[in-house]
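J.: Below you'll find the structure I mean.
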Ligand SMILES: N=CN[C@@H](CCC(=O)O)C(=O)O
Ligand SMILES: [Mn+2]
Ligand SMILES: [Mn+2]
């Protein structure tokens, strides 16, 4: 694999207990080609070390170092996963500006492979162009089953990322590309966005969202006061799909929590909103795969964005495995 980098053991350091008290003691650094089929619950962390899409989208680069920053922050956290749960770091997909599309294809192949090996993939980015590869990896896996599965995408984000890829694809175009692929195939585009900001999406983007029947909750409504209504929205959405792909763009959080991104959101939302929604999604039993996008260590302060991303991974890993 041209764009594949095996796991780096040096990211997995922290306090030593010799009793698996910390996640760096729990993790297995397993290159993709050595990954066995899971016999019990197994989580695979895969990086998308690429900011070419952010660069193409006129954003601030630095997200190619995002996956490593999240992994090394996660490594130091306490491990509450039971002995019946496995955790693998399977390395990263890398890319350069000129070959982002082939990196997305390799990401798709890697995600399909992880699902075939009965792993729960958590992909860490990297620009949000990651979503195009991630979605297609899930789709290829499900299509092979020939059971007519419907993928619902839930995106926690300040942005729709529905820009038209008329010239080139980038970090702002992945969901438009997916919508066009769905149209070609004659299948519904099922896309729910949580945390959309009016001051971060132009009129054309709102029009595209309307044309594509996108369901969305604005950032000012994505607040604890409306949690009950939002939970109802999520349940209605998950009811009509067979599988849910969750993508979390860190730039949807207030920059008070997540300064380490390309396009910061001073008026963004609170992490607890996302955690509450994740509980609802996980309870549906339909979550197939998840990613965290746009981690940019270059603009982080005291590693707090990396730590926020790592906390989200911590929550999901423990929650899906009942630990
Ligand atoms: N993935 C990010 N997409 C945003 C970036 C906005 C910005 O750079 O200000 C978008 O294209 O809308
Ligand atoms: Mn965004
Ligand atoms: Mn995004």
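Placement of Cβ uses the backbone N, Cα and C atoms for every residue, glycine included.
TrEMBL labels come from automatic prediction, so no person has curated them.
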J.: Name the residue, out of 128, 314, 315, 318, that TrEMBL lists for the same Mn(2+) 1 site as 157, 161, 249, please.
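T.: Answer, per TrEMBL (Mn(2+) 1 site with 157, 161, 249), from 128, 314, 315, 318: 128.
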J.: Just to verify a number: CA distance, residue 251 (Mn(2+) 2 binding site) to residue 157 (Mn(2+) 1 binding site), in angstrom, no decimals.
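T.: Spelling it out, the Cα of residue 251 (Mn(2+) 2 binding site) and the Cα of residue 157 (Mn(2+) 1 binding site) are 7 Å apart.
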J.: What residues, ordered by sequence, lie under 8 A Cβ-to-Cβ from residue 159 (Mn(2+) 2 binding site) and sit at least six positions away in the same chain?
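T.: Expected: 128, 172, 196, 197, 200, 201, 205, 249, 251, 252, 263.
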J.: Using the Cβ centroid of 128, 157, 161, 249 as the reference point for the Mn(2+) 1 site, which residues of the same chain not in that list have Cβ within 8 Å?
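T.: In sequence order, the nearby non-listed residues are 131, 155, 158, 159, 171, 172, 174, 175, 247, 251, 252, 293, 294.
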J.: By the DSSP assignment reduced to helix, strand and coil, which category contains residue 249 (Mn(2+) 1 binding site)?
T.: strand
